[in-house]
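Let me begin by presenting the structure, written as structure tokens, before commenting on it.
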Amino acid sequence: MIERGKFRSLTLINWNGFFARTFDLDELVTTLSGGNGAGKSTTMAAFVTALIPDLTLLHFRNTTEAGATSGSRDKGLHGKLKAGVCYSMLDTINSRHQRVVVGVRLQQVAGRDRKVDIKPFAIQGLPMSVQPTQLVTETLNERQARVLPLNELKDKLEAMEGVQFKQFNSITDYHSLMFDLGIIARRLRSASDRSKFYRLIEASLYGGISSAITRSLRDYLLPENSGVRKAFQDMEAALRENRMTLEAIRVTQSDRDLFKHLISEATNYVAADYMRHANERRVHLDKALEFRRELHTSRQQLAAEQYKHVDMARELAEHNGAEGDLEADYQAASDHLNLVQTALRQQEKIERYEADLDELQVRLEEQNEVVAEAIERQEENEARAEAAELEVDELKSQLADYQQALDVQQTRAIQYNQAIAALNRAKELCHLPDLTADSAAEWLETFQAKELEATEKMLSLEQKMSMAQTAHSQFEQAYQLVVAINGPLARNEAWDVARELLREGVDQRHLAEQVQPLRMRLSELEQRLREQQEAERLLADFCKRQGKNFDIDELEALHQELEARIASLSDSVSNAREERMALRQEQEQLQSRIQSLMQRAPVWLAAQNSLNQLSEQCGEAFSSSQDVTEYLQQLLEREREAIVERDEVGARKNAVDEEIERLSQPGGSEDQRLNALAERFGGVLLSEIYDDVSLEDAPYFSALYGPSRHAIVVPDLSQVTEHLEGLTDCPEDLYLIEGDPQSFDDSVFSVDELEKAVVVKIADRQWRYSRFPEVPLFGRAARESRIESLHAEREVLSERFATLSFDVQKTQRLHQAFSRFIGSHLAVAFESDPEAEIRQLNSRRVELERALSNHENDNQQQRIQFEQAKEGVTALNRILPRLNLLADDSLADRVDEIRERLDEAQEAARFVQQFGNQLAKLEPIVSVLQSDPEQFEQLKEDYAYSQQMQRDARQQAFALTEVVQRRAHFSYSDSAEMLSGNSDLNEKLRERLEQAEAERTRAREALRGHAAQLSQYNQVLASLKSSYDTKKELLNDLQRELQDIGVRADSGAEERARIRRDELHAQLSNNRSRRNQLEKALTFCEAEMDNLTRKLRKLERDYFEMREQVVTAKAGWCAVMRMVKDNGVERRLHRRELAYLSADDLRSMSDKALGALRLAVADNEHLRDVLRLSEDPKRPERKIQFFVAVYQHLRERIRQDIIRTDDPVEAIEQMEIELSRLTEELTSREQKLAISSRSVANIIRKTIQREQNRIRMLNQGLQNVSFGQVNSVRLNVNVRETHAMLLDVLSEQHEQHQDLFNSNRLTFSEALAKLYQRLNPQIDMGQRTPQTIGEELLDYRNYLEMEVEVNRGSDGWLRAESGALSTGEAIGTGMSILVMVVQSWEDESRRLRGKDISPCRLLFLDEAARLDARSIATLFELCERLQMQLIIAAPENISPEKGTTYKLVRKVFQNTEHVHVVGLRGFTPQLPETLPGTVDAPSEAS
């Protein structure tokens, strides 16, 4: 037998009066005895706090607060604690012999609110030897100890092996652990559960009959049947969803016609406009292409006219240009004639001026020689004067320096500085950087010798110059003549050049004599050359017009070829007319054939659409009508097979549903009559008794009872006999077993268990052998397992049945579609594609149009070729007479050759004319050029150089002389020697100064005299040069003017210029006549071009307007196409058969659909607004938006749980198939889901009966409880009259109220509430909804009334009320009720915790002095019988004979208050035994 868990001890740490106190709790009753304020309530408060650490519930009031609505601010807990860390711990041991210490850490929180902080914790695995006080205290010395904080306690326990410490952040987790370990009787999941538990403890603590508990005994004693409520909620949710789906199906069925109408009209409205725009776009494109072709043709014509105009304009421009050139040439020829005449006169002037210049040239040369000699003498005089000046200046400077240095103080310094300066100047002039004062004398001799040598060389050159002066004048005259003829040259080349010039003069005079014959020859050749150029121009013009270059030899053959071409082209033009008529006739035939095919195309397209739909639906491709009929036969066979299979699956599914319904009956009864019989006999079904049997034991018990597994267990078979008489409404075999349903077991049979079977010995001569069933159905677990497998099978069958039903209906609709196709489209569906033939014919029509266009172009080209041939013949007639000139290729070369020879002759004539006189003068004196007389100029340069060298040598010698003279200054001698030396030097300087000044005077006078003579020579030379330059300038001007005239002024030039002018005049007249002809032709051509330009402008305007319209429409069309493709509606809108309707027909179709749509969407604001916007003809994309909006609207209306598609059209097609199947299936499902009212009544009655039996069993434990005059206590459970009436109506008269339960608008709960109101109209339901009332009526607890009754004295059984009982009787009665509640909780929670745990039972009783000794003994007896622990607080006069008693005395010692505790086990005559662990712990350290 499982031992019940017990509370071992209660430990208080740092409570008021208890520093570290452990109370060992008795297994039955623990009594706390003591006077007022001894600490009894504090001890119980510590126990309750550790048990329920919820500050929202804890409230420890005393008797002074009885009847108060609120207690003290701290609710009695803050004042029971001391400052610092406090603990309250419960040491327990459960049924598994596990020691568990649970408790709380408490600590006062500073503040006026007097709050307390609580932290619950639990300790597991603590050794039995460790006391709780040892855990939370630390001994400091013999008289002092310290309380450990919670974190130190945690660390201390973690260090102990095998000990687990848990700290909880929520009370729910704390209580969950206590429930799992068997410390409390009920799982406290919520604050409401904790409140019930606390109210129970509070009622126990303060005693009496608690109104809070007696008013809600149903909540304390009757378990909530959550499974039944959840089953009803799930059923109602399933029914609600089922009904919503059925309602959606009905709405969908009602909307189906609207869907069809809306889709049909929206498709007609949008598709007609869509195809009309597509047709218009194609028409506009065709028109634009036609305009472009006409524009291209007109442009070609205009281009041809422009080419013609350009040719004529070019020819006219050529003639205009030629006319201008001819006019210019004519004017130039006239001007040339005038220029020739002017040049002849100019040539005469030039000859006169040349003679004058020759004379001036001779005089100028003579005067130049005189001036040159004067200049040389002038330069010599200037050099001597300059040297004299320099010498005087140097001497004066030296003399001045000498005078300045006479100062005694500065003489040596000045002389030394002068010496240094002279030495530096000598170094610089002599280029001797190493010169010193000592070596100056040696260098002076060297430089004096250089000065003497330079003077001698200069005098020698001066003598040579005077001798070469005479020879130089003749050489210069001849040299100047050579320079004048040849230009600048070296003097040593003058002899060779002069001889070459004389020989060239002879040749030039010979060439000058041939000028006249060459001119005459050139004039004749130039005339022939002009005629040849004219012929070449005509030939080039002809070749350009023909587009090909021709040789001269080919011209005659070309002339004959062109004449033959003219004849052939005239014949081709006549044949082209007949060919054009044949092409036009074929074009008309093609057009008529295309029209007939376009009429047949819509019918064929409709047949193809139907055929394609059939192919998509069946996944087959049909190539002939025979394939269609064969597939139809296969379809019929497949339909028959599917129907047979569907019926088979449906039958199996119904069988599974029936079995599930049978197994789902409450109590395991497969026959509803058994429930009624069990209720009638006052018994219980055997299957209900074994309802909790496990799945593993189910086969055994099913075989054990065999056919009697559906028996009814009754308390007494003799009482059933009268009910069996005349019983007809029962199964064929009805088994009745006598036994107590509350304590029934299987001992009624003698059983031998075999392998997977049992042998039941029913009687001595009757045995039954039963094997274990493969699928046991005995017990709720076995039935649930079977139901679960059946549900899985039913899901598979339902899915298969739905698939087969869908396939059957789909096949039937496919069969109907094939039948419609055969009746309507089979005749035309497999004919050839008319659109493909139309495309071929259109291609042929385009080819014919192209052929006609090419034919017109060829005819036009032939006419052009005819005109070109005629022009070519005309041109050849002009060219052929001049073929000889064209063949003369050397004519131009001969002209160039004669022209070159003439140019050479004329150049020679000009040379003779220009240099003839100079050559005549040069010839007598040319021999002097053989040798240059000592090269006079070089001699002059050498003379000037020698003068400069002589001057430099003189200066260098003077500088060295000065250094030598100043050598004394470099050595500082005594003053006497320097004075005498200075005196000599002064005298020498003065003498040299006088001589130098005399020399300077003579040089100045000679310079002035010679300068005056040089000025006279220069004046004469300037006069001659001025006259020569003037004449030369005039001659040059005349020559430039003659050159500017650019003509050769010979004797025949004037006659040639006159002939040239007359020829150009004749050419100009011919050119003007041709230009007038071209201007007239050009005027006609421009008029034709103007007409073509106007036509072209109109065509361009029409084309661009059409193109702009096409481009604009294309942008909108692109947006439309993009929208169509993005939304996937192209297949719906692009109806090819509409392409063959006219725009008016399509517009009429769209307008009709628009009228229908306005009515259809009148109630839909969104679609109405979108439809109104779509009526704008300029915004075709809005119609697409409307179509998409319609599709979106329909998609939203489609229930995706019914139709698995987003396409409304496909949804409508599937809707016909799916709706009927879903309606049938959902109706059947609703019938299966809906539980009958009789079943509900039976479930509630069974539950009430079960709970009544349980309460009856609880009452048995209270039969012998007595307190004072109270002899017994019991709970009375009755069914309310109003609810009993409801159950009777549900089970017996439910047919009268089927209007409520069969209504689709009401759930079962609402129907139940309506029935309750109908049966009890006098009851006010308040503001509660029918759903809320119905849910309450589904809870069996609301059907019961519970009250506590006591058997008191002579009054018998009466209702237990505080006013009718004494205080002791009320306390005892209340305690009995609390024991019943605890036991009920244990029974309810047994299935939630481990089966090997029996929870602790403990109650409190404060102020037990109100009970007499007999009542206290009754409590002891009750505790012993129920294995319950009790803690009693009583004054000192209470002395129970059993249990453990603690004497509590509160003492004050040295301002320290503590409670002295002595524990005694029972009261007997013997000496009291002191209990271990009752000695007070050391007092708290001060």
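Using N, Cα and C of the backbone, Cβ positions are placed for all residues, glycine too.
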Q) Which stretch, out of 107-164, 1209-1266, is listed as coiled coil by Swiss-Prot? A) 1209-1266
Q) Out of 37-73, 444-480, 740-776, 925-961, which range is noted as coiled coil by Swiss-Prot? A) 444-480
Q.
Using a 10 Å radius around each Cβ and all protein chains in view, which of these binding-site residues has the most neighbours: Gly34, Gly35?
A. Gly34
Q. Which chain neighbours of the ATP site, leaving out Gly34, Gly35, Asn36, Gly37, Ala38, Gly39, Lys40, Ser41, have a Cβ atom within 8 Å of the mean position of the site's Cβ atoms?
A. Leu32, Thr42, Ala1433, Leu1448, Arg1450
**Q.** Cβ neighbours within the same chain of Gly37 (ATP binding site) - under 8 Å, at least six residues apart
**A.** Arg1450
Q) Which of 326-418, 835-923, 977-1115 shares the most C-beta pairs under 8 angstroms with the coiled coil (509-603)? A) 835-923
Q | Which same-chain residues, if any, lie at least 6 apart from Asn36 (ATP binding site) yet have Cβ under 8 Å of it | A | Pro1435
Q: On the DSSP side of things, how many residues of the region 'Flexible hinge' (666-783) fall into helix, strand and coil, could you say?
A: 45 helix, 26 strand, 47 coil
Q. According to DSSP, which kind of secondary structure is Lys40 (ATP binding site) found in, if we only use helix, strand and coil?
A. helix
Q) Where does the mean pLDDT land for the coiled coil (835-923)? A) 80
Q. Would you say which of the binding-site residues Ala38, Gly39 has the most Cβ atoms within 10 Å of its own Cβ?
A. Gly39
